[in-house]
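As written in TrEMBL, here are the features:
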BINDING   91, 94, 95, 236  heme c binding site
DOMAIN    78-270  domain 'Cytochrome c'
SIGNAL    1-20  signal peptide
TRANSMEM  279-298  transmembrane segment
Ligand code: HEC
């Protein structure tokens, strides 16, 4: 036991300088992204004596409770369906999801016919045809969610220079590092919901008053959000308002609820087999424990008559 404790302590001590280095990296990259764009503002700020850049995000996302958390995590299909609705009606105007095919939506509890009807609501570019020309046709289940913009540059041009990132893997890509010692506890609690917590916090985090220390870093056409990882403000306007998306199952139509649902949906999009993975992991652990017991019994039996 004492050995285990001292090993943990040693590991902690080793990890500390690493953490410090990572934190420094974070500040530097935040400084680079905020600093590059607002060079003038930065110079003014330096002149005024607050050249020190604050850490981003300014606030840590609150930890919510998700149905897919922990070793027995499972999807709440109703929530995923609501999240899909929010994505389709709101976020998909700007964000693509090019790694998810319509046929994947069957995992959300839809029938073949429902998936076909859903896909047909989209227009997909196909071709070339016999004349060598590209043409538009209604979507079919094997198509992937089409992008709202023809290319990255068009997406950036329509959004004040910042192209909206693709949704396919975003929930996992934004699972922020949590620093020492939290990440050690996360190993035990199996905390893997950093992405959805971040997305929910970001969507509900608009409309606050920026502190004086970052006011000079906020560029025109960006929106202050203390949860944004890469700076004090981002190019995405607040995307949701209360009552914007209609829910037919009686779930409250609030920004908080929409954000939870769309974040859960994005987690599903990023890791559709999460529930199976957890179930398999649990059975594997039980198997390993039983197997270890058996091995121990066999070892005692085999060595029973050997004097030592
Ligand atoms: C009007 C277009 C628009 C709509 C609608 C929109 N977004 Fe965005 N979104 C953007 C842009 C632009 C960015 C890039 C912001 C930046 O990097 O400054 C972005 C970035 C993001 C990010 C990444 C933030 C980061 O850490 O880099 C998330 C998450 C996100 N949006 C979620 C959503 C969700 C969820 C919805 C739907 C409820 C939505 N967005 C609707 C334009 C939009």
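Numbers here mean position along the shown chain, with the first residue as 1.
Glycine is no exception: its Cβ is also placed from the backbone N, Cα and C atoms.
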Distance in Å spanning the most remote Cα pair of 91, 94, 95, 236, given for heme c: 11
Fewest-neighbour residue among binding-site residues, criterion Cβ within 10 Å, set 91, 94: 94
Around the Cβ of residue 95 (heme c binding site), the count of other Cβ atoms that are within 10 Å: 23
Residue 236 (heme c binding site), number of other Cβ atoms within 10 Å: 21
For the heme c site built from 91, 94, 95, 236, further residues of that chain with CB within 8 A of the site's CB center: 90, 92, 93, 164, 167, 239
PLDDT averaged over the residues of the domain 'Cytochrome c' (78-270): 95
